[in-house]
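Quick look at what Swiss-Prot annotates:
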BINDING   T420, P421, L422, G423, E424, G425, K426, S427  ATP binding site
MOD_RES   K187  N6-acetyllysine
MOD_RES   K187  N6-succinyllysine
MOD_RES   K593  N6-succinyllysine
REGION    13-45  region 'Disordered'
REGION    31-345  region 'Methylenetetrahydrofolate dehydrogenase and cyclohydrolase'
REGION    346-975  region 'Formyltetrahydrofolate synthetase'
TRANSIT   1-30  transit peptide
Amino acid sequence: MSARLPFVLRRLARPQHPGSPRRLPSLCRASSGRGSGCGGGEGLLGQQRLRDTQAGSSRGPGSPAPPARDSIVREVIQNSKEVLSLLQEKTPTFKPVLAIIQAGDDNLMQEVNQNLAEEAGLNITHICLPAESGEDEIIDEILKINEDSRVHGLALQIAETSFSNKILNALKPEKDVDGLTDVNLGKLVRGDAHECFISPVARAVIELLEKSGVSLDGKKILVIGAHGSLEATLQCLFQRKGSMTMSSQWKTPQLQGKLQEADIVVLGSPKPEEIPLSWIQPGTTVFNCSHDFLSGKAACISSGVHGISPIAEDVSLLAAALRIQNMVSSGRRWLREQQHRRWRLHCLKLQPLSPVPSDIEISRAQTPKAVEILAKEIGLLADEIEIYGKSKAKVRLSLLERLKDQADGKYVLVAGITPTPLGEGKSTVTIGLVQALTAHLNVNSFACLRQPSQGPTFGVKGGAAGGGYAQVIPMEEFNLHLTGDIHAITAANNLLAAAIDARILHENTQTDKALYNRLVPSVNGVREFSKIQLARLKRLGINKTDPSALTEEEMRKFARLDIDPSTITWQRVVDTNDRFLRKITIGQANTEKGCSRQAQFDIAVASEIMAVLALTDSLSDMKERLGRMVVASDRNGQPVTADDLGVTGALTVLMKDAIKPNLMQTLEGTPVFVHAGPFANIAHGNSSVLADKIALKLVGEGGFVVTEAGFGADIGMEKFFNIKCRASGLVPSVVVLVATVRALKMHGGGPSVTAGVPLRKEYTEENLQLVADGCCNLEKQIQIAQLFGVPVVVALNVFKTDTRAEIDLVCELAKRAGAFNAVPCYHWSIGGKGSVDLAWAVREAASKESRFQFLYDVQLPIVEKIRTIAQSVYGAKDIELSPEAQSKIDRYTEQGFGNLPICMAKTHLSLSHQPDKKGVPKGFILPISDVRASIGAGFIYPLVGTMSTMPGLPTRPCFYDIDLDTETEQVKGLF
């Protein structure tokens, strides 16, 4: 053992010269604590607290000199450094962080910790609290560190009297690098030393004895004045070395006799003055592990005592080094947890009934797992979720940074053939597939679904959580408010709408000077532009920041947006089907001074803000997209944006929580993200990019993320590939194309299918000819998917009226049409077990190389992109532009928006623009009646015919069946 180490400790214990610099204050920052803080004394030390200080401070007075090569401390630190270097070869940015919570003035070991950490390659965060900090204050700090995923270890440097059980067990065991918690101690006693952290102080005692050549077998060990985890750890470690261990307190009557018999003495607390050193026999090895000695406040007990081994003085420094070693082990465990692994998921058991009950009865019969348990099972940390009730949680975007080096899973899109008005079960197939993958094949999988609008829920469609034994639970929470994302969109959208009309009013009723003075007021004698106003000045080419420096022309240019009311495209929204809001007149009150105009309401999910939410990939990206949204043109034909109105920051504030995906679960306890639900006709109709990206990281390599596209493949899938995949950069592995015998019969010439009207006998009896004729639509949709180079698996969603012959016929014809595979699915009636064949088919298809490609180059002219979609996807002969559509195309091209992708808005009930044309219409001319732009979302949307953005209520809406049991508060009637 290097002789320098005891010298270092004695040097640290020596009072600092008054004239020498005190370096610790420079490492601290202000604390709200009372009295003296770290280091005691007066001034800055008494009022400050240090956070996030890297272990890189230069050595100064009191710093330990580098130990000799043969030093055990050097060996420990060098070993830690080498292990960390190996970890960093795979994860170069990884650097473990040790947090030290200090209450009081025990500073003398701080520089030792700093320099050892620096040498090993760690960072240290030092948190200084006032000396008089109570139990609750210390625990508050512990809990913060527990949930901070950037910190990998936590040590306490507090008064010995403060080490209460409550404080010790507030520590997260996996961050307890001092081995203080009951969990770590219990694992040690049980023999699981490799799974726990062991007290560095106790380990230091054992290491020093063994390195000095002392055999512990048969030795008598006396531990005096120790208690708690240190006493238990010392006893456990010594006993495993074959030693006879005794514990005693200082006031024990037989203490002198025990001391004289002991070969090794370990002091756990300061020696009382009345106990003479002569009681300790010459040649006895004494270790002082008392709190005061380890913190450098007291000298070693062996000072001046002949025959007591000097190695006892080295406990403190070696303990600090072993803490660093524990830190590296903690970091290694943390990295291992970040790596892809199969989830240890507790799946929920199903007991399917026949006949199958209603969706809400099935949902209510299954008790979901607590969402925090689900989150932990799939690898989410406690600080990465925000819990809403018992079964919902938002997931923070910080997860993407933590898992940025993890490989993505496979990306699967569920699309469909041209549907009947009843829908063909894409959501049900999506949920059935992930239940099969995870609950039955033990494969990590995630479903990513759109959030349904309350309008259709209370109108004609009912719930959208899947159906039968393949649904999201609790389905009433899924279908109603969820976590309020749509309400946030409504608030943000209508704030922007109000800002537009208010700005027109104020510009119409004020002079240039008055308008400018109100936009840039003097506050407490100071006049300055806001951040967003400075951005507008820059866009206008006005390079001035002093409001008083603008010329009259510049003030006018800045203050007046000069919006042309006839060009306003931004409408108010509400999440209710209300046909009487399709055309309204606003501004009729006398207070609006004649600024009335015709306007309309849209359904909330038709708002461009919903499309922005679905396509954004970060908070900053969302803010930029919101600012770019074009709401109108000025009288010179230039676009007016949310940024011009100065409302971008406020919109972002309203949307800051909505951007976080919502975590729920399926009936079998597998994870689901429910996030964003843009209108599938005027927008792209897919769930959010962020939900997909987070899910792909969570499932890891070998896992699957399954998402769905709205309507048929000709609409939803085409938009998914050309719009969503461009925005996300993600490449799909497989398309699952959902078909039903019912829909195929309709395309084969069967009678019309109408919601709310019983099906004709053609749909409930076997009819192979209708099925065969209708497979032309299935073949066309397979061909559309193949345009993008993605393999197709056909999922035949089986109904109870389908016959074996019909099922076999569809699967055979699908394979002939080029599908990779085609399988019948029974998830609706028996859950994930009924989609196991589909899961195997998807896994096999995903193992093949995807040759994904976009349908068109966005740099093509707008007209050519529209024509490409019409001819290649819909099968049209050509397109026909109305004069208004041509005018809009010319305007958008002139404004610089011609390079955006296309989002076609047309009926979903036919490949053509005519809903009654089933099968595969050919030779038609696709009429483009209008062209609009969602610049913030990032696409141009041509309107094919007329397209309503506000649904209406039918004669008998779904709300007739919806009720609440006022005794149990259970929702009834949500299908």
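Cβ from N, Cα, C; glycine included.
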Measuring Cα to Cα, how many angstrom lie between S427 (ATP binding site) and K593 (N6-succinyllysine)? 50
For the C-alpha pair, I'd like the distance in angstrom between E424 (ATP binding site) and K187 (N6-acetyllysine), rounded off. 54
Looking only at Cβ atoms, how many others are within 10 Å of the one on T420 (ATP binding site)? 22
How long is the line from the C-alpha of T420 (ATP binding site) to the C-alpha of K187 (N6-acetyllysine), rounded to the nearest angstrom? 61
Pop the Cα-Cα gap between the residue listed as 'N6-acetyllysine' and P421 (ATP binding site) into the table, whole Å please. 61
Determine, for the ATP site, the additional residues of the same chain whose CB lies within 8 Å of the mean position of the CB atoms of T420, P421, L422, G423, E424, G425, K426, S427; present them in sequence order. G416, P419, T740, A743
Tell me the Cα distance separating K593 (N6-succinyllysine) from L422 (ATP binding site), rounded to the nearest angstrom. 48
What three-state secondary structure does DSSP assign to E424 (ATP binding site)? coil
Measuring Cα to Cα, how far is the residue listed as 'N6-acetyllysine' from G425 (ATP binding site) in Å? 50
Along the region 'Methylenetetrahydrofolate dehydrogenase and cyclohydrolase' (31-345), what average pLDDT does this model show? 78
Between the binding-site residues P421, G423, G425, where is the Cβ count within 10 Å the lowest? P421
Under 8 Å by Cβ from K426 (ATP binding site), same chain, sequence gap 6 or more: V414, A415, G416, E708, A709, V738
At the Cα level, what's the spacing in Å between K593 (N6-succinyllysine) and G423 (ATP binding site), rounded? 49
Other C-beta atoms within 10 angstroms of the C-beta of K593 (N6-succinyllysine) total 11
Under DSSP, is K593 (N6-succinyllysine) helix, strand or coil? coil
E424 (ATP binding site): tally of other CB atoms within 10 A of its CB: 21
Measure from the Cβ of L422 (ATP binding site) and count the other Cβ atoms within 10 Å, all protein chains considered. 16
Taking 10 A as the limit, how many CB atoms besides its own sit near the CB of the residue listed as 'N6-acetyllysine'? 19
